[in-house]
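Everything below concerns the one structure shown next.
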């Protein structure tokens, strides 16, 4: 149990730094290039574990599996994570974006009733109300920049929730590391094609040791090591226990933004934090025990 706690805490700390650290180079590296580099590195680090898992379980991916994983990668990486990165660029505080994105459980509830035919319950309805209230508390309609960043963060949460639901529907047989490793890799390759097609330079913003170091940290530590630690936590305990890392993240994010970006959290941030975390906890409480492969997709960061 001590080992699992270490991996859970490591996951939470690494993922907490995503938005604040990426904000440091958001003006230098384009969201498209940053998202590509981050998930290409992370996907490449996770692929060996995914292949090992396939061999250990004597599994072979079919052409349909590869197509499904590629499409899921496009939805998660090319749409959701890209929107999240643009939101961080435009936001005054990265903590606001992180907290809003952590409210994606509310959209998962709605989409699950459509695609998975899951029943809407009073508990789920209350979770939705709490998360929506948290987002509204953070919304600052006096500033156009804040409105745009909030809408982008909500869009990122919505599309990620769609990724979550479709992953459960179409690739439930695959374990977390297999689905995550391949979808990250395929999604980043599609971003590479987009970068080459648009003529946008991948490395133009990486001109200093600072930007290169931060980019490597985001790819190796946050994405690669972060997800490795998460899957290790699952192995040492359970998917439910490992997922507590994603309730710790929004609690730590305002403090991370203060120390990394020098942005003091406003009182409304803590009010929204309480609402979103409470809603997320309610939304994550299963009515029956779920398999780890069904739970892992709720935690992409």
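In case you wondered, yes, glycine gets a Cβ from its N, Cα and C as well.
All TrEMBL annotations are machine predictions without curation.
Among the features that TrEMBL reports, domain 'EamA' is placed at 6-138 (among others).
TrEMBL lists 36-54 (among others) with the feature transmembrane segment.
Under the heading transmembrane segment, TrEMBL lists 66-89 (among others).
Annotation comment: TrEMBL describes 95-116 (among others) as transmembrane segment.
Sequence-distant neighbours of the transmembrane segment (125-141) (same chain, 6+ residues past either end, Cβ-Cβ under 8 Å): 96, 99-100, 103, 105-106, 109-110, 147, 150, 154, 268-269, 271-276, 278-280, 282-283. According to TrEMBL, the transmembrane segment annotation covers 125-141 (among others).
Positions annotated as transmembrane segment by TrEMBL: 147-166 (among others). Long-range neighbours of the transmembrane segment (147-166) within the same chain, counting only residues 6 or more positions beyond its ends whose Cβ lies under 8 Å from a Cβ of the stretch, are 72, 75-76, 79-81, 83-84, 86-88, 90-92, 96-97, 100-101, 103-108, 110-112, 115-116, 135, 138-141, 297-298, 300.
Note: the domain 'EamA' (149-284) comprises 112 helix, 0 strand, 24 coil (DSSP; helix = H, G, I, strand = E, B). The feature domain 'EamA' is assigned by TrEMBL to 149-284 (among others).
Annotation comment: TrEMBL describes 178-199 (among others) as transmembrane segment. Long-range contacts of the transmembrane segment (178-199) within the same chain, counting only residues at least 6 positions beyond its ends with a Cβ under 8 Å from a Cβ of the stretch, are 32-33, 35-36, 39-40, 42-44, 46-47, 49-50, 53-54, 59, 61, 66, 69-70, 72-74, 76-78, 81-82, 167, 171, 223, 227, 231, 293, 296-297, 300.
For 211-230 (among others), the entry in TrEMBL reads transmembrane segment.
Residues or ranges marked as transmembrane segment in TrEMBL: 242-263 (among others).
According to TrEMBL, the feature transmembrane segment maps to 269-285 (among others).
Counted over residue pairs separated by six or more positions, the transmembrane segment (269-285) shares fewer than 3 Cβ pairs under 8 angstroms with the transmembrane segment (66-89), which leaves the two as not touching. Across the candidate stretches 36-54, 66-89, 95-116, 242-263, the maximum count of CB pairs under 8 A to the transmembrane segment (211-230) is reached by 36-54. Remote same-chain partners of the transmembrane segment (95-116), defined as residues 6 or more beyond its termini with a Cβ less than 8 Å from a stretch Cβ, comprise 16, 18-20, 84, 87-88, 124, 127-128, 131-132, 134-135, 138, 146, 149-150, 153-154, 156-158, 160-162, 164-166, 168-169, 246, 249-250, 253-254, 256-257, 263, 265, 269, 272-273, 276-277, 279-280, 283-284, 298.
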